[in-house]
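K.L.:
Let me give you the structure first, and then I'll get to my questions.
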Amino acid sequence: MTRSIIAVLPAAGVGSRMQADKPKQYLTLLGKTLLEHTLDVMLSYPAVSKIILAVSKDDPYISTLSLDPKIQLVEGGTTRAESVLNGLNAIAEKNAWVLVHDAARPCLQHADIDKLLAIEDKQGAILAIPVTDTIKRADNQQCIVKTEDRSQLWQAMTPQFFPVDILRDALSTGIQQGANITDEASAIELAGFRPHLVAGRSDNLKVTRPEDLALAEFYLTRNKL
C-alpha cells in the first residue's frame, strides 16, 4: 500500500528568546514571514499531500497570511507535544507518515526530505548533524563539571519522520506520563523504538535568537539563486 506523506508544523509558540514584539514565526525576511518560507518548502515538495498547521487559539497573525488550500489549521496546545498531537489527531488517512517540522526552520532543502523519505523502517528517522563543538557539562553555578565525549553525540533537527499511528500513540502516552518531550523522537524513544539518524545540513537552522535572522536571510537568499 502506498503511504501518504503529511507535514505537521507546530506554530503555537511565542519564541521568547527572540525578544521580539511578535512570535518568531511571524518575523519577516525577504518580504515573507519565516512561517511562509517554511510552508513554501513543504508546499513545493511533490510527495507532501497536506500540511497541518497548529496555531494558538488567539493567534492574531495567521489570518493575515494567504494560505494554500493544502494547509489545514488546527488549534495548538500549551506545549509543542500537545500541538503536534492535535495535528496528528486531524489525520484520518490510513498508512500515513508524518513529517514534523519546526515553523521557524525555513532553510530546509528538498534533498534532505528525500533522504528521510528513503527510510521505510517503522522506527522512523530524524534529520540530525554530528556534534562538532566541544560539549561541557555544567553545575548549578554554571561551572564546568566535565567535558563530554562527543564521538556519539548528534544534534537533533527537523523534519522528524514517523508513521502517524506510532507517533500519535507515543505522544499520547508520554504526555499522560508527564514525560519531558522536547521533540517527537524523544516520545518515540520512550515507547521503545530506536529512530534512525539521517545526516542533515548545518544550514537547516532553527531561528531562535535575534542573531539567527541574518544567517537565515543569507541562506534563504543563497538557496533562491
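Every residue gets a Cβ built from N, Cα and C, even glycine.
Since the structure is predicted, the reported quantities are computational estimates derived from the model, not experimental observations.
Checked Swiss-Prot, it gives:
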SITE      Arg17  site 'Transition state stabilizer'
SITE      Lys24  site 'Transition state stabilizer'
SITE      Arg150  site 'Positions MEP for the nucleophilic attack'
SITE      Lys206  site 'Positions MEP for the nucleophilic attack'
K.L.:
Work out how many Å separate Lys24 (site 'Transition state stabilizer') and Lys206 (site 'Positions MEP for the nucleophilic attack') at their Cα atoms, rounded off.
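P.N.:
On Cα coordinates alone, these residues lie 10 Å apart.
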K.L.:
Between Arg150 (site 'Positions MEP for the nucleophilic attack') and Lys206 (site 'Positions MEP for the nucleophilic attack'), how far is it from one CA atom to the other, in Å?
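P.N.:
Arg150 (site 'Positions MEP for the nucleophilic attack') to Lys206 (site 'Positions MEP for the nucleophilic attack'), Cα-Cα distance: 21 Å.
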K.L.:
Same-chain residues six or more away whose CB lies under 8 A from the CB of Lys206 (site 'Positions MEP for the nucleophilic attack')?
P.N.:
Asp102, Ala104, Arg105, Met157, Thr158, Asp212
K.L.:
Could you tell me which of these recorded sites, Lys24, Arg150, has the greatest number of Cβ atoms within 10 Å of its own Cβ?
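P.N.:
Of the recorded sites Lys24, Arg150, the most buried by Cβ count within 10 Å is Lys24.
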K.L.:
Can you tell me the three-state DSSP label for Lys24 (site 'Transition state stabilizer')?
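P.N.:
Assignment for Lys24 (site 'Transition state stabilizer') reads helix.
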